[in-house]
């Protein structure tokens, strides 16, 4: 009985934990080019940059607010690599703005690629547009009122939506905020997160009818989420991996050199998440 109670307490941990989306990591072929595009077209700010010549990479963190409160992008440039394969599984990032048309015109003026002109969504009234950044990452622009978090979605495609939702609820303590069924377009979407959709970043999981597998490419890397205890969080993930699939890719513990405690793992579709110790993360920002 004690073991059952202990297990129940463990599985309850993600919902009690202090969880927050920290950043999304992906690779770009030219750091300066992307920084210029994100700051000039989207209005993001450069928050920090670091160059690690001994490991032949540099990265930059950009967002709409400080890393202590906002979700940001972490761009990685690997020396000498100018392009990547985005794959078929990665969907898009989304930015909310009060004027989609104005942002689209800015993107166009800066030589960006507009792939869908501003207009209402199919079967709805929200005004959206799609553009691509210089590396080909799609960005959905969504017209909304003011929000504390304009960087509002990361969309990934999954082969089994119910399994994926269950994984993110159980392993990561996320809430299913809404589910959108679109049989006429043969897809279903699940929006998951830690706070309401209009005030925070959400993970948007898309299931396209009859498509169970996607290519991952080598461009998109992972999402990082804060936790108060990487060890306990890692134990929960192991239990859920056994039930639903996925695997731990780095056991819980401190990173060499940095000392920041993390645990990383794959979900049942092979998407990677890294849980980062909240206190260690704040130390990194000092």
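Yeah, the Cβs are placed from backbone N, Cα and C, and that goes for glycine too.
In TrEMBL, annotation is done automatically, which means it is predicted and not curated.
Summarising the annotation, TrEMBL assigns domain 'VOC' to 20-144 (among others). For the domain 'VOC' (20-144), the number of residues in each DSSP class (helix H, G, I; strand E, B; coil) is 25 helix, 58 strand, 42 coil.
The Zn(2+) binding site annotation in TrEMBL covers 74, 92, 140.
The active site, proton donor/acceptor annotation in TrEMBL covers 140. In sequence order, 92, 93, 94, 95, 128, 129, 130, 153, 155 constitute the residues six or more apart from residue 140 (Zn(2+) binding site) in its chain with CB-CB distances below 8 Å.
Here TrEMBL flags 150-278 (among others) as domain 'VOC'.
Per-residue pLDDT, averaged over the domain 'VOC' (150-278), rounds to 97.
Within its own chain, residue 74 (Zn(2+) binding site) has 23, 24, 25, 26, 59, 60, 61, 224 as residues 6 or more apart in sequence whose C-beta sits under 8 angstroms from its own.
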